[in-house]
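Asks: Here's a structure for you.
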Amino acid sequence: MFQTLYSYFWWERLWLPANLTWADLEDRDGRVYAKASDLYITLPFAFLFLVVRHLFETYVATPLAGLLNVKEKVRLKATPNAVLERFYAATSKHPKQADVEMLSKKSGCSVRQVERWFRRRRNQDRPSLLKKFREASWRFTFYLIAFIAGMAVIVDKPWFYDLREVWKGYPIQSVLPSQYWYYMIELSFYWSLLFSIASDVKRKDFKEQIIHHVATIILISFSWFANYVRAGTLIMALHDSSDYLLESAKMFNYAGWRNTCNNIFIVFAAVFIVTRLVILPFWIMHCTMVYPLDLYPAFFGYYFFNFMMVVLQVLHIFWAYLIIRMAQKFITGKVVEDERSDREETDNSEEEEEVAKNGPLSNGHPVLNNNHRKTD
């Protein structure tokens, strides 16, 4: 059964245009072609990336955070409470009003104290500012190096300037060593992102991030199998062109350099919109959807590759919406923040209410007004 499934999976008509077989892509006369077995190396490389990331965050990103004066906010810890902790772990981190009242009776705390306990407990689980900075530093470093390397791989190629050259001689196109390593490193990195996503900083677009990583891995892998390498290198470099700007903006935001963060964010937003909403759909996707049909009839691989491109484009539109929302806040004079981030909760609103009722607070208790004149 396994052999039958294997045969169906690698059936030439799924991956290659009509009248072509895998034998046409066997290495010969010094020409090397993309092979599925080449991608086996990306899994051990992905774990190597995780090791390198740990070392980078420990010995580079952490000292850099100190130099940039990245400071942690003081978080008030929730008082140990078995009843509330049990509900928090097993039922919900955001109890409804009826649950709050029920927990108030069970725990012997007031409703206000229960609400405050859950806010502080949720804050304890949120990632620290240092963790966010270290993660952004790692991604910034990789995306910047990957973008520079990607441009070095494609800038001297004819298909960088004339997209019709992408399909010239397809699929009998040999793979250069620079293209091989560019593919292996990019795919290994995205595998490492998928492996570490559970422990990375979770944002509101967590599900979209998983879809993005999976779609990217499938797209890179398939483009290698089907020898869409020229198109693949263009797409990867295009994506890397804006990612390092976003990560650098995050780094400066965490360091408190708001003006620098906002200026970089404006540049990022412009690059993102131009590359993801203009160049990608109207140049690259036009290249992958229209030009191949001049050479061969559409086949499964053609449809599958372009379907995955559409999935990525939908995600780009979703993220562009978030970017535009942040841009609007910047234009109106508000601080630009990552719309995907889960904001820290505070007790300020409660404390202000207590001040209005009882005067200033000290450690949650009213402070007596001692400003009256002393009398003998």
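Every residue gets a Cβ built from N, Cα and C, even glycine.
Because TrEMBL annotations are produced automatically, they should be read as predictions rather than curated entries.
Summarising the annotation, TrEMBL assigns transmembrane segment to 39-56, 140-160, 180-198, 264-284, 304-324. For 67-128, the entry in TrEMBL reads domain 'Homeobox'. The DNA-binding region annotation in TrEMBL covers 69-129. The domain 'TLC' annotation in TrEMBL covers 131-332. Per TrEMBL, the feature region 'Disordered' maps to 337-376. Residues or ranges marked as compositional bias 'Acidic residues' in TrEMBL: 344-354.
Could you tell me the structural context for the features on the list?
Replies: Beyond its flanks by at least six residues, the transmembrane segment (39-56) meets 137-138, 141, 184-185, 187-189, 191-192, 195-196, 221, 224 of its own chain at Cβ-Cβ distances under 8 Å.
Model confidence over the DNA-binding region (69-129) stands at 83, taken as the mean pLDDT rounded to a whole number.
Long-range contacts of the transmembrane segment (180-198) within the same chain: residues 38-39, 41-43, 45-50, 53, 142, 146, 149-150, 153, 206, 209-210, 213-214, 216-217, 220-221, 224, 229, 232-233, 236, each at least 6 residues beyond the stretch ends and with a Cβ under 8 Å from a Cβ of the stretch.
Among residues of the same chain six or more beyond the transmembrane segment (264-284), those with a C-beta under 8 A of the stretch's C-beta atoms are 163, 231, 234-235, 238-239, 241-242, 245-246, 248-249, 252, 309, 313, 316-317, 319-320, 323-324, 326-327, 330, 336.
Same-chain neighbours of the transmembrane segment (304-324): 205, 208, 211-212, 215-216, 218-219, 222-223, 226, 228, 235, 268-269, 272-273, 276-277, 280-281, 284-285, 288-289, 339-340, counting only residues six or more beyond its ends whose CB sits under 8 Å from a CB of the stretch.
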